[in-house]
Amino acid sequence: MLDLLYAGASLSFNLHALTLTTLGILGGLIIGVLPGLGPLMGIVLLLPLAFHLPPIPAMGMLIAIYIGGSAGGSISAILLRVPGTPLAAATLFDGFPMAQKGRAQDAVGLAMTSSAVGGLVGGLVLVFLSPLLAKFALRFAPPEYFAMAVLGVLTIALVSEGSALKGLLAGGLGLFLSMIGTDEFTNAYRFTLDSFRLSSGPHLVAVVVGLFALSEVFFQIQTGNLLARPNVQRLKVTFSALKILARHKVNLFRSSMIGTFFGAIPGAGGDVSAFISYATAKKLARAEEKYGEGAEGGVVATEAANNACCGGALIPTLSLGIPGDASTAVLMGALILLGFFPGPDLFRDHPDVAGGIFIAYLMGNAILLLLGTLLAPVFGSVLIVRKAWLLPAVLLLSTLGTYALQSSVFDLWVMLAFGLIGYIMRRAGYPLAPLIIGMILGSTMESNLRRSLLLSQDGLMIFVERPISALILLIDLVLLVAIVYSTVRSSRPSGAGKEVAALP
Amino acid sequence: MKRLFVLATAVWLASSSVHAEFPERNIENIYPWGPGATMSASQIIADAMGQELGVNVSVVSTPGAAGTKAFLTALDKPADGYTIIDGYVAPLVLQPMLGKADWTYNDFTPLWAATSNSFAIAVRKDDDRFADFRALIAHAKDNPGKLRYSPGVTDALPHMVAAKVMQTSDVVAQVVPYPEIDNAVKDLRGGILDFVVINPGVYTTNKDELRVLAVLSDLEDASKTYGGAPLVGSFDVDLGMTGLAPMGWNWWLIHKDTPADVAAKLQDSMGKAVARDEVKQKLLDMGYVPLGYGPDKYKEVVAPVAADLKSGIDAIAWEKDKLKSTK
């Protein structure tokens, strides 16, 4: 693999490629910050420009948008409790409380550095373990996807500890939402209310923006103090985030590996890797770290995972020609348009291009580390603005971003409806994140269960005959027993007073 | 004063619309499938067309409801020429025939035909059960309903053509739908599927791992896009469909109420774009054959295809019944 990097070095280390990668990171960060717009939209917008550039600078720019966009969503999650992308919905668990405690710059800095280091770990795995992980991904078939999706759904109980029942109810609503649309097995319409606009279900991003951004705007208006000057920590460029990050190195490495793994399995739901990584970090943390109340480890776990996921998703895209997610599908299309077909051919016939893409990915993350640190005070300064100005701006940006998804006014109604649903849920003490997890994983779980049964010539036995599926289902079972046991135990009278606040 | 202002605004708007030359802003091509190799083929044409028009033509992936969501989304927008429908045969002709859409191909103004691609039946390169297409059919005959295959989504063109081939050969295999054919290919390579129905884009990215047993077309040129693999007819299997009928193809369309001068400008720019040598070569390199039919050929080409597809729809119904009887 080092020979690939060597071959790609001359194409990557030049002013043209470096400038475009830097601009890509910057553009990605801005697009990620805006609610609704995510890395996918950024890549699609700049695709026409990329065709007129040499291949490596073009791919470098697009990959940089992918990286920056995935990291940028955390900034608005931390500062405003508005996740810029669904990827960042888990970051607000601890990022927002950190900012509320006056540590906005630390939280943004930590998110940026965790993202960059997570991305670099994902990149190193991409460079050195691509063939191995690609082969492993081939062993993931519908039974394994089903078992993984069950694992993801079970994390709902973990991330909503203290109100597991409410969490599961919210998750159930999410599972229901995932059923709306066209059934991919019979092409029948389900719960579409005879409207073609619901033929692929409500758009996930419109739901996320509504649930989090709009409900937050409603809450802030209700709270009042719209003209008060917020109290914000002194903002200046420091590298203190790196020092904080060093204290969480085990969490950082573990979360990066979780993110890379979920990214490397095409269609496994990379969006939820941040939730799973967060749930794992929370379970393994000491009680005094107080996850959910501004724990540094919470930001590290989610951000390292979701950016490592980008490196992971490039593994099947480049090695197998099978995109890991929607963003990498567009990246793959761009590579084809530039005249290179991903897959083994790319490594054999164009090692310079394959190596150049690897370097572009690593370089993008290095630039993110630098830019993220330098810009953290700039982003943090948003909180100096009075609510009377900030809230209309959030509303405007949310509306613009959601409309831009499909140029659809219907998406705006979906956003508004889920803003109200989110507000009501929060008033009633229901956590919002499980709804998103349920919505993302519901279709993965259902379609892979049905697909497995079609593939099986032995009914349900397909789930236990395949070793990886059997192992994951065993983990599911152990986790389920543990959750039920701890729920029963905490519901006894002696444990009733230990209710922990529900997560956002 | 107020009335004067309204009048002045109306005059200004009217004059600006008279003087404004189409296009003043970017144009969207509503593409009915998820992103991937096939979307890149539309992107190549969109890019060239954008250069002809002097604005950006972006390809917007709007998957859902077997491609009809894209049509409905586009039809819901103003008929001003700023929205183009990437008219794939499945939502344009097949879905209305299945009763899933209420338009006919006559309800649109055609621009130019874009590309066509044939489909092919492929297995793992190292699968020694199937030396050739005859061996696959023989195996399926001995094990009714036991082989598992995926044409990607069901009730679309690749599924229809595969069902037709199986009906003609009187064999049946378990169909397993996948929303993206890429994931079906992954599961073929992982050993859980026995064969897949692919397009040339998928073949090009996976040719080291796949072996094409039969190209589902009667056109000699189709074989070239699969590295010279044999046509299904060479195994004495009558496809029952000819020319474009068993192929995937797309014809770019606009709303019927689009002003004639705008339609003419779009037709002219697309005609120039698809006639460019570099555009044709890029498409051919990806395995997509530029069709080169102008708007005047639309009805002449599409009408017979629609008639031919009926036998394919019957084949899907036959497959469902046959699968039930094997359980």
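Numbering starts at 1 and runs along the chain as it is shown here.
Each residue, glycine too, has its Cβ placed from N, Cα and C.
According to TrEMBL, the domain 'DUF112' annotation covers A:19-437.
Annotation source TrEMBL lists transmembrane segment at A:20-47 (among others).
Tertiary neighbourhood of the transmembrane segment (A:59-80): same-chain residues 12, 17, 20-35, 37-43, 46-47, 49-50, 53, 87-89, 91-92, 95-96, 98-99, 104, 107-108, 111-112, 115-116, 119, 212-213, 216, 299, 302-303, 306-307, 309-310, 314, 327-328, 331, 334-335, 338, 353, 356-357, 360-361, 363-365, 367-368, 372, 379-380, 382-383, 390, 394, selected by CB-CB distance under 8 Å and a gap of 6+ residues from either end. Taken from TrEMBL, the feature transmembrane segment covers A:59-80 (among others).
Per TrEMBL, the feature transmembrane segment maps to A:107-129 (among others).
Here the transmembrane segment (A:136-158) has Cβ contacts under 8 Å with residues 164, 167-168, 170-171, 175, 264-269, 272, 275-276, 279, 282-283, 315-316, 320, 322, 433-434, 437-438, 440-441, 444-445, 447-449, 451-452, 455, 462-463, 466, 468-469, 472-473, 475-476, 479-480, 483, 487 of the same chain, all six or more residues outside its ends. Look at TrEMBL and you will find A:136-158 (among others) tagged as transmembrane segment.
Under the heading transmembrane segment, TrEMBL lists A:203-221 (among others). Residues 35-36, 38, 77, 80-83, 85-86, 89, 92, 177, 387, 391, 394-395, 398, 401-402, 405-406, 408, 411-412, 414-423, 425-426, 432, 435-436, 439-440, 504 of the same chain, all 6+ positions outside the transmembrane segment (A:203-221), place their C-beta atoms under 8 angstroms from a C-beta of that stretch.
Sequence annotations record features per position, and here TrEMBL assigns transmembrane segment to A:326-347 (among others).
Marked as transmembrane segment by TrEMBL: A:359-384 (among others).
Taken from TrEMBL, the feature transmembrane segment covers A:469-488 (among others).
When each of A:107-129, A:326-347, A:359-384, A:469-488 is checked for Cβ pairs under 8 Å to the transmembrane segment (A:20-47), A:359-384 comes out on top. Taking pairs at least six residues apart, the transmembrane segment (A:107-129) and the transmembrane segment (A:469-488) share fewer than three Cβ pairs below 8 Å and do not count as touching. Packing against the transmembrane segment (A:469-488) from elsewhere in the chain are residues 143-144, 146-148, 150-151, 154, 157-158, 164-165, 462-463: each is 6 or more residues past its ends and has a CB under 8 Å from a CB in it.
Remote same-chain partners of the transmembrane segment (A:359-384), defined as residues 6 or more beyond its termini with a Cβ less than 8 Å from a stretch Cβ, comprise 5, 8-9, 12-13, 17-18, 21-22, 24-26, 29, 33, 56, 59-60, 63-64, 67-68, 71, 75, 79-80, 99, 104-105, 108-109, 111-113, 115-117, 119-120, 123-124, 126-127, 229-230, 232-233, 235-239, 241-242, 307, 310-311, 314, 390.
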